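Reading through the structure tokens given below for one structure.
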Amino acid sequence: MSKKAEHKTKSKGLETELHPALRSSNLNLLRSKRQNPYLDDSTNAVSRNKQHKGLFQFFAPGEVIKQAEQLRKQKAEELELQQKESERKASEEKERRLQIAAGELPDDDEVCYINEISSTPIIEWWDKKYLKDAQYKEIHKKYSISYENIQDESEDEYEDDDEEEDRPSIRFVKHPLPIKTTVLSSASAVPKVYLTKMEQRKIRRNQRKIIRQEKEEKVRLGLEPKPTPKVKLSNMMHTFENDNSLQDPTKWEQLVKQQVDARNKKHLQMNEQRHQEAKAKKAAAQQTLKQQEGNVCRIYRFTTLQNPKIRYKISVNAKQLHLKGCCLHIQEGLGIIITIGTEKSSKFFQKLVTSRIQWTETFTNKQTNETIKCPNAKCELVWEGILGDHRFRGWFMKPCRDRQELTDILSKSGNETFSHIPLKLPDEV
């Protein structure tokens with residue numbers, strides 16, 4: 001063997017043995033992918049076929065429309081069934097509440113063991129021990145004795161009495177007087193809830209949203225026709241852009257203008273109708289207020305009435321509140337105010353003259369341009385009560401020269417009973 005061949009054989013590797021994992025006897029390395037139960041090429045082929053197959057699926061003409069109509073019809077039927085079921089449950093609940101109020105059925109928190117009236121027993125099981133014989137006609141003697149004057153007895157006296165062992169004792173049971181209950185309707189039991197302005201606006205906004213959504217749902221299901229578009233000159237071309245019949249734009253413009261005018265006219269008519277309804281409602285309320293015969297009388301006394309602004313406020317408010325009476329003052333000085341009307345009107349007028357009106361306010365005389373101050377001006381309530389009869393037919397205000405003229409005016413009007421009222425305030429007497 002030559003040196004060259006020997007060097008070639010020696011240069012192969014490091015003369016170490018082969019690792020067992022690299023030998024052909026290791027079966028895990030010789031297994032193919034097809035023998036692996038977790039890897040299957042057939043699934044990949046099926047998925048690839050599905051991907052290519054889905055690219056060329058076509059629907060028959062009218063098939064999608066038919067499916068959509070079937071879905072709408074199905075949803076409309078479901079909505080109708082739900083509405084009928086809710087109406088049925090509501091009517092059953094209402095009838096049950098009426099029966100509960102009439103005492104025919106027990107309430108939810110009551111336990112009823114009798115299904116029918118005919119199955120009611122003659123004697124209840126809890127009353128049998130209190131009766132003497134098996135026929136249940138006579139009460140046992142033990143429960144007919146009055147225990148008011150009997151003293152407490154020892155327990156030794158009852159040790160031999162076997163007959164009384166199964167009898168319950170009612171000696172120390174207190175029976176209160178029964179309370180007469182009245183059945184209250186659910187409407188009267190619910191207290192009135194007062195909401196803020198923001199909460200009221202939120203409730204109205206949510207109600208409008210619910211109504212709008214219901215209308216849109218009905219239109220989508222085909223229960224109601226789709227509303228006509230609100231066409232204006234600004235959106236006319238956008239609305240009719242897909243319409244092939246838009247060959248004469250001038251004609252379509254005139255049509256749109258007519259629709260805009262019709263909508264504006266309808267809007268004004270609705271506003272006028274609401275205005276007339278509110279006006280009629282207000283007139284009816286004022287008429288009922290006029291027809292109410294109030295008998296609440298209140299008398300006020302003031303020190304001065306020089307300010308024309310105060311005279312105007314008193315006169316106008318008394319007429320608007322439909323009060324009867326008068327305001328008499330002596331040369332824009334001392335005077336009295338007599339008001340007769342309903343409790344509500346009298347209370348409002350009292351707040352006006354005692355709290356809201358600033359009697360000490362400085363004013364300027366328009367004729368002389370003189371600034372007049374009223375530092376000690378005041379008004380107070382002198383008397384209030386229920387007046388049986390009076391002769392005031394309306395409201396009037398009149399200045400008087402002196403106390404005698406004031407008394408004469410009250411006498412002529414048939415109300416001389418008010419002439420004894422002192423004009424001066426207690427701190428001025």
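Using the three backbone atoms N, Cα and C, a Cβ is placed for every residue, glycine included.
According to TrEMBL, the protein has these features:
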REGION    1-44  region 'Disordered'
COMPBIAS  1-11  compositional bias 'Basic residues'
DOMAIN    36-276  domain 'Pre-mRNA-splicing factor 3'
REGION    76-95  region 'Disordered'
COILED    268-295  coiled coil
DOMAIN    299-418  domain 'Small nuclear ribonucleoprotein Prp3 C-terminal'
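Outside the coiled coil (268-295), and at least 6 residues removed from its termini, the chain residues within Cβ reach (under 8 Å) are 322, 340-343, 345-346, 386-388. Looking only at the domain 'Pre-mRNA-splicing factor 3' (36-276), the predicted model's pLDDT averages out at 77. Counted with DSSP, the region 'Disordered' (76-95) comes out as 20 helix, 0 strand, 0 coil.
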